[in-house]
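J.: One structure follows; several queries about it will come next.
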Amino acid sequence: MFRIFLRSPQTSKLQSTRRCFHVSIARKTLVPIVIEQTGRGERSYDIFSRLLRERVIMLSGPIHDGVSALTVAQLLFLEAEESTKPIHLYINSPGGSVTAGMGIYDTVQYVSSPIHTYCVGQAASMGSLLLAAGERGHRHILPNASVMIHQPSGGASGQATDIAIHAKEIIRMRERLTAIYQHHCGLPGEPVEVGVERFGKALERDYFLTAEEAVEFGLADTILEKRPLPPSESGESLQKENQ
């Protein structure tokens, strides 16, 4: 079997009373459980499901088929709920399978909801492509996060003809990824050919970027140190300052 790899918002104010505890799942990972007191009694959610209600998707860890399926399902669900509201995709990933990542990428482009992307920690390899794939003007990176881009890698064994076929596929995928980066990260006034050449050179080896460099390179739009307050809350704050 042959696989190609790229190696390694604002939420509404909660009105109900909440308390939080942890449960243990596989590999001793603790997932917080949020308990809400509502007019109909208690409701419990794991923290990721609770964030999903606020249109927040967490994409953490290596990207593989399982992660891809979950992310795609969440994107489709949130679009079906409200197609005009933004979806906030938080990315902290070292990358992973190209095909799994492309499944997420294509869905991000497919849904009609605006996708706002956020890099927390790192967006490396395929993670960087997903960061760049967000809506222009809404691709954010936190100050100490980092981005890494590079070309796809893979391996094949068997007859010489089979190896040649797989090598051709890796080259095709590299060209496709270069074109996607250029499409989303082209700088103002930059000709397409220049953008393709710029990313072609950058993808030759592991290319690391700080938050500032990622913005300059076109992979992100803004560095977020603080999340902006919703309009209602910022208005209240301004009123208090003027009193």
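Yeah, the Cβs are placed from backbone N, Cα and C, and that goes for glycine too.
Okay, these came from TrEMBL:
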ACT_SITE  Ser125  active site
ACT_SITE  His150  active site
J.: Which of the three DSSP states, helix, strand or coil, fits His150 (active site)?
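T.: The residue in question, His150 (active site), is coil (DSSP, three-state).
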J.: For Ser125 (active site), what is the secondary structure by DSSP, using just helix, strand and coil?
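T.: Coil, per DSSP.
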J.: Neighbour count, 10 Å Cβ-Cβ cut-off, for Ser125 (active site): what number do you get?
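T.: Taking every protein chain into account, the count is 29.
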J.: At a 10 Å cut-off from the C-beta of His150 (active site), count the other C-beta atoms across all protein chains.
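T.: His150 (active site) is surrounded by 21 other Cβ atoms within 10 Å.
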J.: Rounded to the nearest Å, what's the C-alpha distance separating Ser125 (active site) and His150 (active site)? Just drop the number here, would you?
T.: 6
